[in-house]
Amino acid sequence: MTAFTDSITHAHSPSPLTKGTPLALDAITKHYGHRTVLNDVQLRIPSGQFVAIVGRSGCGKSTLLRLLAGLEAASSGELLTGTAPLSSAKDDTRLMFQEARLLPWKKVIDNVGLGLRGNWREKAQDALTSVGLADRANDWPAALSGGQKQRVALARALIHHPRLLLLDEPLGALDALTRIEMQSLIENIWLQHGFTVLLVTHDVSEAIALADRVILIEEGRVGLDITVDLPRPRRRGSAKLAELEARVLERVLAPTSSPLPQQAAI
């Protein structure tokens, strides 16, 4: 059977079971007509890193994720994995949205295995087990809560063994408790499989709790690039997390002053 069912609660770094996709963004610029949404973005993201991208609405963070997913093309610049175009890794990339986007006329297990051929049902069942929904395989999506629907969407991504997982506000519509449960689930699965993660979120506390690195996008540029050098599992409400969260929030809420990135670690 496919090894989806292991549980890791106290790991400190991702295992190499699935090698993550390394990313290089060289001078990425994106225009919509006369409006520049991303402006000369330069980033290096190593294999297996968990990166959170934060910023005000309209700053370009979701646009950046869409470029990485291949849903849109950059106006200029290069997206690379190693020395190859990132488009060469599209089969290893999966994207989760704020809405689960399940097909209501298909049962849960069929949504997980959507588009697959051959003997996929066992793999789909394993993926559902890994997200805690082993007993909901034959239910209809309408019978699920919002959090359960997002778990199905996560299982649908996991069945493809992604090396790059892109998360565009996937927890934004969930209640506080369900959101914390989903955060823990995503973190544990990442620790187990070792893929590269880019999470776009408006929730700075979520970014600090989950990520190895938090990047703030300001007016289409990297305004802040912070390493979260704290052991896992992270204790919510700790002084160090609160200190780092306050620093990022202060920058998010302040008027933009300089487009140059600042780097720090805590």
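We number each residue from 1, going along the chain as drawn.
Yeah, the Cβs are placed from backbone N, Cα and C, and that goes for glycine too.
Feature annotation from Swiss-Prot assigns domain 'ABC transporter' to 23-244. The ATP binding site annotation in Swiss-Prot covers GLY55, ARG56, SER57, GLY58, CYS59, GLY60, LYS61, SER62.
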**Request:** Please work out the mean pLDDT for the residues of the domain 'ABC transporter' (23-244).
**Result:** 93
**Item:** Cβ-Cβ distance under 8 Å to SER62 (ATP binding site), same chain, at least six residues away
**Value:** ASP168, GLU169, VAL200
**Prompt:** DSSP on SER62 (ATP binding site), three-state: which is it?
**Reply:** helix
**Request:** Let me know how many other Cβ atoms fall within 10 Å of the Cβ of CYS59 (ATP binding site).
**Result:** 22
**Message:** Can you check which residue among the binding-site residues ARG56, LYS61 has the largest number of Cβ atoms within 10 Å of its own?
**Reply:** LYS61
**Prompt:** If the ATP site is taken as the center of the Cβ atoms of GLY55, ARG56, SER57, GLY58, CYS59, GLY60, LYS61, SER62, which further residues of that chain fall within 8 Å of it by their Cβ?
**Reply:** THR63, ILE217
**Complete:** Students should find that the Cβ of GLY55 (ATP binding site) has, within 10 Å, a number of other Cβ atoms equal to 25
